[in-house]
C-alpha cells in the first residue's frame, strides 16, 4: 500500500467536511481522540457567549432565562440519540466514576439477594476501584469478582447481581457483544451495567435494543466535550420508578426549589442528578455532541473500521521486525475505534512519536494506543504516522534520554 | 440616612478598585452574589486561552505541558488560604453535595461506635438529603438527628459521630461560632464537618484554629467561579492517613497512571479526588479565587458587616408598615454576608424587584434574600435598592400577574 492510495480515500470520504468543524494544530497527527477529543470550532465562541452574555450579563436569572436548569437533560437526550436511549433516559453530570457509583449502587439495590459484581481484570481501573469502594461501604459481603473475557459467560451465575463491563476495552480496543452479554446476564437474573467511555460517539450503541439496564460514559473522548467534561448516566425507563440512588443531592429531589427538609426522589432519570449542574462544562460538551448528531454513526463506524484495518496493515507492512505486536482484535465485530501495539520499549517510542507530532498515548506496561476519530482524521495521516514510527525505529531515535523521562501523566 | 451619606462611603472604600475586576451589567444592582458570584473580568480571556491554546493546540499533552493534572490541588490550596487550611489540605472537584458525601462517610468511619449525625432542620437541604441517603446506604442504623440551633449544644452527646453544620445559614445568614461548636463536638468525642458554601470568600474562616475535622464548600458563590463551578473539600491533616473515602475513583489512587487492578488510596487530600478533573471549570474558578487572594478578607468582612447593617437600617427607615420582618441576626458576630427579609408576598415582590434591575432571590416559603459582595457592591447601591423596593411597595406594582408566575428556578 502506498500513500497515494490513502490520499485517494480522503478525496471520496463522505465525512471529510466534518474536519472543518474542529480546530486542529498544524503539523500534528492526532491519534488520541480516544483520550481527549479535539476542540470543536464552535466551542470557544459558545463558551464566550455563556460566560459573557449569560453569566456576565444575565447573572442568576440565566437559570430560567437561558434554561440552564434544563442543560443536564437536554445534553443528556442528545447523547441518548447516540446510544439508543429514549428521551428522558439520559442525564449529564458528575464524572464517569461518580456515575458508576450511582448506577452500580442502584443496580445492587434491585438485586438484594445477590452479592457478586462481575467484571474483568482489564476493565478500566476506576470501574474496579469504584466497585471495590462501594462493596466496602455497603459492608454486606458484596464481592467484586474478576474473570477474563473468555470466562465471563460461564461466570454469570445466579450469585451475580450485576455484570459491569466496559463495552470497548481502553487498552486493547476489544469490543464486547453488548446484546449477547446483556441477554446472558438477564438469563441468569443479573442486571447489566455498561461503561460506554470508549463507545459513545465511536461505535453504534443501542442500549434499548440490547435490553441493558444501566450505562455510564465519558464526555471528553469521542464526544469532544473538553478536558474533564461531565459524564453521562443512563437507566432503562423500566427502572426509573424503582431505582434508589445513593447520592441524594438536591438536584435529584422531586422539588429542588421547594427546599424541603427530607429527600423525595424526582421522577425518572432526574434522580440521577446530585449537585448544581456545571454550566460552562455542559455548554462545551453540547458543542461536541452537536457535531456527532449531524454525522451518521454508521458512516463513522464504517470509516473507523477502515482506518483501523488500514493502520494495522501498514504496521504489518512497514514495521516488520521492529518488535511490535498488534493487540487489538483483527475481527471487525470485536474491535472498537483504536489499534493498540505492544512493544517492550513502548514508553520511549511513544514519547519519540509525540515529539515528532504523532500523538497517541502509552498505557502501562507496554501498550502504544492509536485512536481513530473519523470526523477529523484523514486516511493519508495514517500513512504519515506509520512512516514517522518507522523512521523512529530505524534510526533508534526513540532511545534518547529525554524520551525515557517519565511524565506525571502518561 | 440619605443617599449622599452612602455615596460618601463609596469614595473612601478601600475595596473600591476591585469592582473593576468584575464585569457587571449596566442598570443592575446585584444582591445575589451569595447565589451566583459575578463574572471576573479575567475569566473570559483565561477560558479562551485554555480552550484554544491548551485544549485546541496542545491537546492531550496539556495534562503535563500545562500541568492540568495539578489544577485540583493548586486551586485547592488557593482556596485553602481563605479558610485557614495548610497547604495540601484542600482539593477542588465534584459538587458540594458529592464532597459532603465523601467527607461525611469518611468521618463516620472514624467514629465506628456512634450512630448519630447531628444537624439542624434549617441546614441547606442537600446537606440533609446527602446525609439521609448515606445513612440509608450504610444500613447500619445511622440516624440524622435534627435540632434547632439553640438546642445543638445539648444535643451533642456521646451518641453523636459527626456534627454537620453549615457555617452561615443560606436563608437567614445566621453564622455559627465555628470554634465554639467545634470544641463542643470534640469534648463529646464527635467529629466536626463544616459546610462553608456561604462563608468561603465572604467571612473569615480558620478551620485549623477552630480545630475542625472536615469541610466542604462551593465555588460559584463568593468565590466567583461561575455557574455550577466545582466545589472544594478539606480534611485536617491529622486525618489524612486514616480517612477512607467512599468514592474510590482513579484520581484518588496512589498511582493513577499505573492502572493497577486494585485501589490503593493516595496520600493526603488527593484521595478525596474521584474522576478526571474538570479543567475548563477549574480554570474559571481559579480566576475568581485569585481576586479574593489579592484582597484582605478582614477588609471584606468589615465592609460586608457595614453593608448589611446599613441595608437593615434602610429597610427599617424606609419600609416601615409594609410588612417586612428582618430575619437575619442583628448581632454582627452572628451574621454572615446577607440580610433576609420575610414577607408573606415575598415571591411576587422579589420578581418585581428583579424586573426593575434589583437582583436578590427568593427562598420558600417567604424569604427575600439580599447578599452583600464587598468586592463589587457599592454603598450607594444599597440606597438605590431599598428605594426601588419602597416604590414597588407603595405603588403595589409587585401585585401584577407576571410577578406571581412561578419560574422553574426560584
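Counting starts with 1 at the first residue shown.
Glycine is no exception: its Cβ is also placed from the backbone N, Cα and C atoms.
TrEMBL annotations: computationally assigned, not manually curated.
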TrEMBL annotation, pyridoxal 5'-phosphate site containing A:96, A:97, A:124, A:125, A:126, A:127, A:166, A:195, A:198, A:220, A:276 - matching residue among A:239, A:250: A:250
Between residue A:96 (pyridoxal 5'-phosphate binding site) and residue A:221 (N6-(pyridoxal phosphate)lysine), the C-alpha gap once rounded to whole angstrom: 12
Between residue A:221 (N6-(pyridoxal phosphate)lysine) and residue A:250 (pyridoxal 5'-phosphate binding site): CA-CA distance (Å): 29
Binding-site residues (A:124, A:250), the one with most neighbouring Cβ atoms at 10 Å: A:250
Recorded positions, contacting chain B; criterion Cβ under 8 Å; candidates A:166, A:198, A:221: none
Max pairwise CA distance, angstrom, over record-listed pyridoxal 5'-phosphate binders A:96, A:97, A:124, A:125, A:126, A:127, A:166, A:195, A:198, A:220, A:250, A:276: 30
Residue pair residue A:198 (pyridoxal 5'-phosphate binding site), residue A:221 (N6-(pyridoxal phosphate)lysine) - Cα distance, angstrom, rounded: 7
Three-state secondary structure, which DSSP defines for residue A:124 (pyridoxal 5'-phosphate binding site): coil
DSSP state at residue A:96 (pyridoxal 5'-phosphate binding site), helix/strand/coil: helix
C-beta crowding around residue A:198 (pyridoxal 5'-phosphate binding site), within 10 angstroms: 27
